[in-house]
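J.: I am attaching a structure below and will ask some questions about it afterwards.
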Amino acid sequence: MPGYDSPGFASSGYAISGAENGRMLSLVHAKGNLLYSLGDNAGAAKAFENAVLISASKRTGGISSLIKHVLKVVDEDEFGTAAPGTHVSNSTEPILLPPVAALRTAQLAFPNNGDLPGLRYIPNKGMSKKAAVSTTSNSLLSLAKIFQDGMASGLPKAAYQSAYGVREILALYYLSLSLQPSPSTANNVGILLASVQQTIPPKKIYQDPQQTRIPGVVPGSGIALALAYYNYGLNLDAGHAHLYTNLGSLLKDLGQLKMAIAMYEQAVHCDGNFDIALANLANAVKDDGRIADAIVYYKRAVKVNPDFAEAVCGLANALNSTVFEPPAPPNPYLKVGYVSSDFNNHPLAHLMQSVFGMHNRMRVKAYCYATTMSDNSPHRQQIERESPVFYDAHSWSAEKLVQQIVKDGIHILINLNGYTRGARNEVFAARPAPIQMSFMGFAGTLGAEWNVDLEDQLVDENSGGDQDDWVYGENIIYCKDTFFCCDHRQSAPDVHGEQLDWEQEQVRRWQMRKEIFPDLPDDVIILGNFNQLYKIEPTTFRTWLRILANLPKAILWLLRFPDVGETHLKQTALAWAGPEVASRVIFTDVAPKHQHISRARVCDLFLDTPECNAHTTAADVLWSGTPLLTLPRYPYKMCSRMAASILKGALPDNEAGRQAASELVAQSEEEYERSAIRLGSSIRYSGHRISGRLADLRRLLYESRFASALFDTKRWVMDLEEAYETAWDR
């Protein structure tokens with residue numbers, strides 16, 4: 001036969017030149033891959049077996065003989081853990097080798113330095129020999145994997161499903177790993193070894209000093225070695241997602257949940273679309289009590305693989321676990337919970353301190369959850385005293401607060417903080433009540449996922465209209481008059497006794513003016529703003545300076561709120577408007593609440609800040625009778641249009657009130673400036689008496705205090721109860 005005298009002819013047992021064995025090996029291996037991709041596991045196994053025998057030589061007697069030979073030599077090696085004296089031919093116990101021992105398998109099976117007989121005549125130059133060895137290793141890996149799958153699945157097409165067990169499959173993996181260290185091979189060995197029951201090894205075992213000891217794991221056992229192979233594989237490839245996932249699963253089975261989560265996280269980091277790793281991570285963090293995180297990972301797994309049953313079922317179960325039992329239907333009243341960190345000496349408490357006790361007990365029962373320690377202020381004491389149910393929850397965890405809300409059977413939960421200091425928004429994120437609302441504390445949408453379609457934003461036509469509802473993720477409840485709540489009719493310093501008539505009020509106002517500004521000429525007009533100074537942005541301050549320049553007998557009264565702002569604003573006024581105008585910017589200290597409300601009447605015209613309006617301060621000023629000029633600069637921005645709502649609520653619901661609103665609510669920056677100059681120019685003083693349009697507006701506001709919607713707290717509470725019932729009915 002031609003070529004018979006070629007070196008290595010038939011060295012593999014096949015009638016081909018030994019020098020061509022590498023090419024033949026590649027062809028047969030490719031055939032195996034093709035058959036495997038077509039689902040023909042039996043045909044693929046036969047092809048991979050032939051590929052292995054090309055390298056190992058068919059003279060070994062077939063794949064069974066090769067396996068027996070490998071088992072014999074590794075069993076006789078010092079690292080093997082099969083029972084001593086056991087005959088290879090009739091033993092079924094797997095031989096457990098650590099990675100360091102498995103790497104010697106080829107050298108033990110093929111004494112010529114591990115050189116495969118069938119590849120002996122392939123030239124060592126170039127990559128041919130190395131490629132042939134690599135292909136042989138891959139064929140062994142694929143063959144062992146088919147045997148392993150067949151052992152596990154029992155499918156009819158699975159090759160050799162009853163011929164080989166763990167013992168024989170491990171032999172193939174050991175030989176594959178010794179020919180070419182591979183993270184995939186290490187991964188498969190780890191999976192196989194993790195299924196081996198733990199027993200005390202009969203031989204002295206090899207222990208890796210760097211391996212962390214885990215309680216309950218027997219050194220040298222299948223589980224211990226599985227851990228070793230997973231870690232060995234990660235040393236070969238630190239980005240192997242499957243290794244991290246399988247290591248995590250084994251650690252989870254061993255009770256090492258935190259370590260397992262860390263491994264799953266590494267797997268997801270390596271491959272963000274690995275559905276099994278995502279589902280495993282979701283399961284683990286769910287077991288760790290992190291339901292919200294679990295839902296995120298389940299959703300990611302389902303997005304990657306919508307047909308992944310484990311992820312779909314896990315997501316369904318996790319979602320159910322975050323849904324609390326619904327409260328019993330109202331009988332006869334709605335249970336409304338108010339959560340706030342501001343039930344103390346705080347503007348919110350100043351405004352709402354009477355609300356909780358004013359509820360009609362046949363419609364609404366108020367539950368107050370105070371998340372800050374009591375300051376023993378009159379405001380806190382009143383809320384504690386008048387609320388049907390009051391909890392001092394300042395030391396409670398979010399979980400305890402959520403559970404108490406659920407236990408109380410709250411129908412509607414009110415967030416009185418929003419995104420302000422001391423907020424407990426995580427409580428609302430848990431959705432402990434069927435309906436959640438937010439108002440008063442934060443002027444705007446909360447925009448959080450847990451609010452969408454579940455939270456109702458209490459606004460009115462002035463603080464947020466239909467054309468601007470795109471800003472809100474929430475459903476919107478529109479109030480009849482104003483969304484803003486005030487308590488001035490109950491708690492203002494001048495509320496007790498009969499209201500002074502207009503003449504008496506002018507006398508009182510003039511006397512207070514002289515007390516605060518004793519050196520001020522009688523004909524000076526006092527423009528003012530009592531907001532915190534952060535609300536004054538450059539555009540507004542420049543406008544105020546132009547107003548002062550056009551009103552030479554006017555001063556601008558600001559508060560040291562904070563005091564460090566005084567120097568900066570005076571320097572800015574000097575630079576922008578010159579010394580004469582700058583000299584008419586006057587600062588005083590912040591006064592206690594009752595004094596602040598009383599002295600607000602001294603101001604002739606309150607100039608609001610368009611960027612972020614006066615809120616509580618606006619109500620204080622209007623209660624004193626002082627006209628307020630505002631500009632809703634941004635129609636879609638609630639904090640920029642609140643003062644318009646508050647002002648209209650303070651005016652009478654008649655033609656005079658509507659005319660006043662049209663003069664005091666500017667529609668542009670230019671109109672704001674013109675209105676301030678026009679109104680400031682209109683006022684005339686004759687001793688304590690004033691005249692002009694600004695005086696008319698003051699009298700209208702003063703005499704409407706006890707009839708206006710803004711200061712009618714009982715009416716506001718009744719409207720709120722109607723809003724609650726509407727939301728519940730929907």
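All residue numbers here begin at 1 and follow the chain in the order shown.
Heads up, the Cβ atoms here are built off N, Cα and C, so glycines get one too.
TrEMBL entries are annotated by machine, without manual review.
TrEMBL feature annotations, pasted as is:
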- 241-274: repeat 'TPR' (REPEAT)
- 275-308: repeat 'TPR' (REPEAT)
- 331-497: domain 'O-GlcNAc transferase C-terminal' (DOMAIN)
- 519-720: domain 'O-GlcNAc transferase C-terminal' (DOMAIN)
J.: Same chain only, please: residues at least 6 beyond the ends of the repeat 'TPR' (241-274) with a C-beta under 8 Å from a C-beta of the stretch. Say none if there are none.
T.: 183-184, 186-187, 190-191, 194, 214-217, 223, 226-227, 230-231, 233-234, 280-281, 284-285, 287-288, 297, 300, 304
J.: Restricting to the repeat 'TPR' (241-274), what is the model's mean pLDDT?
T.: 95
J.: Using DSSP, break the repeat 'TPR' (241-274) down into helix, strand and coil residues and give each count.
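T.: So the repeat 'TPR' (241-274) is made up of 27 helix, 0 strand, 7 coil.
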